[in-house]
Amino acid sequence: MTPLKIAIAGANGRMGRVLVEAVNNHPDTVLSGALEHSGSEALGLDAGYAVGLKTGIAISDDVDTVLAQSDVLIDFTRPEPTLKHLQKCVEKQVNIIIGTTGFDDAGKAAIRAAAEKTGIVFAANFSVGVNLTFHILDTVALVLNEGYDIEIIEGHHRHKVDAPSGTALRMGEVIAGALGRDLKQCAVYGREGHTGPRDPSTIGFATVRAGDIVGDHTALFATDGERVEITHKASSRMTFAAGAVRAAVWVNGKTGLYDMQDVLGLNNR
């Protein structure tokens with residue numbers, strides 16, 4: 001079997017470094033390119049320098065050259081560069097795995113449009129455990145659909161720039177969908193001052209940013225006399241990276257827009 005050629009965007013970032021390691025660890029993949037922004041101090045360095053690997057792949061800012069020698073790009077950067085990379089992937093017929101969060105509606109529309117021409121796995125979280133949690137939440141919300149207040153609490157490291165996290169928002173979307181609600185209409189993001197009694201139709205969000213928290217997410221269903229808490233805690237970014245590489249192998253040869261539920265076969269259950 002010919003190894004799948006995978007390039008990493010943001011290869012010198014916290015997530016990018018772990019992705020380089022994950023590609024190296026997978027028996028069916030090989031690192032074909034590593035991208036960083038122009039002016040990065042890492043340009044020219046071996047892509048594995050930060051994790052003790054010698055990959056033979058130099059970090060570059062030449063997107064066209066990197067994509068020309070790749071089957072898939074994995075991108076966990078920020079919305080603006082991800083959308084630029086997306087258009088290049090369409091031009092080069094390269095599949096793309098998108099773990100970037102914080103897209104606005106226009107950005108999401110661009111991803112949907114691009115999926116008509118290439119294969120895309122776009123997910124708020126690539127952890128197997130988190131995606132199983134989404135699946136569980138759908139069932140729980142259907143059962144606890146009356147008389148329960150719903151809150152989502154998430155925590156991440158001090159460097160995360162968007163809030164709530166994409167994973168927290170996806171949890172909210174799953175719950176709202178199960179309840180027949182529109183998250184845009186029922187979400188409450190933070191509370192301050194005299195807020196009055198809680199509206200029972202709302203889904204609340206609370207955010208923590210501190211230290212080096214990799215990712216903590218809890219969905220709370222509370223009523224008089226009891227509460228149900230469904231929690232996922234990540235202790236290593238490798239869980240996200242390994243999932244992204246798994247998605248890259250899965251989407252090879254496909255066209256269309258998928259998420260991690262598709263990769264894991266959970267959308268068929």
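Cβ from N, Cα, C; glycine included.
Within 10 Å of the C-beta atom of HIS156 (active site, proton donor/acceptor) sit 25 other C-beta atoms, taking all shown protein chains into account. The active site, proton donor/acceptor annotation in Swiss-Prot covers HIS156.
LYS160 (active site, proton donor) falls outside any helix or strand according to DSSP and counts as coil. Residues near LYS160 (active site, proton donor) in space but far in sequence (CB under 8 A, at least 6 apart, same chain), listed by position: ARG209. Feature annotation from Swiss-Prot assigns active site, proton donor to LYS160; the stated evidence is sequence analysis.
The local packing around ALA123 (NAD(+) binding site), expressed as other Cβ atoms within 10 Å of its Cβ over all shown chains, amounts to 26. The NAD(+) binding site annotation in Swiss-Prot covers GLY10, ALA11, ASN12, GLY13, ARG14, MET15, GLU36, GLY99, THR100, THR101, ALA123, ALA124, ASN125, PHE126 and rests on sequence analysis.
The (S)-2,3,4,5-tetrahydrodipicolinate binding site annotation in Swiss-Prot covers HIS157, GLY166, THR167, and the record cites sequence analysis as its basis. Cβ neighbours within 10 Å of GLY166 ((S)-2,3,4,5-tetrahydrodipicolinate binding site), excluding its own Cβ and spanning all shown chains: 17.
For ARG14 (NAD(+) binding site), other Cβ atoms within 10 Å of its Cβ number 14. ASN12 (NAD(+) binding site) counts 21 other C-beta atoms within 10 Å of its own C-beta, drawing on all protein chains shown. According to DSSP, THR167 ((S)-2,3,4,5-tetrahydrodipicolinate binding site) sits within a helical segment. ARG14 (NAD(+) binding site) is 11 Å away from HIS157 ((S)-2,3,4,5-tetrahydrodipicolinate binding site) when you measure Cα to Cα. If you check the recorded positions HIS156, GLY166, THR167 against THR100 (NAD(+) binding site), the ones with a Cα inside 10 Å of its Cα are GLY166. Within 10 Å of ALA123 (NAD(+) binding site), judged by CA to CA distance, lie the following recorded positions from the set HIS156, GLY166, THR167: GLY166, THR167.
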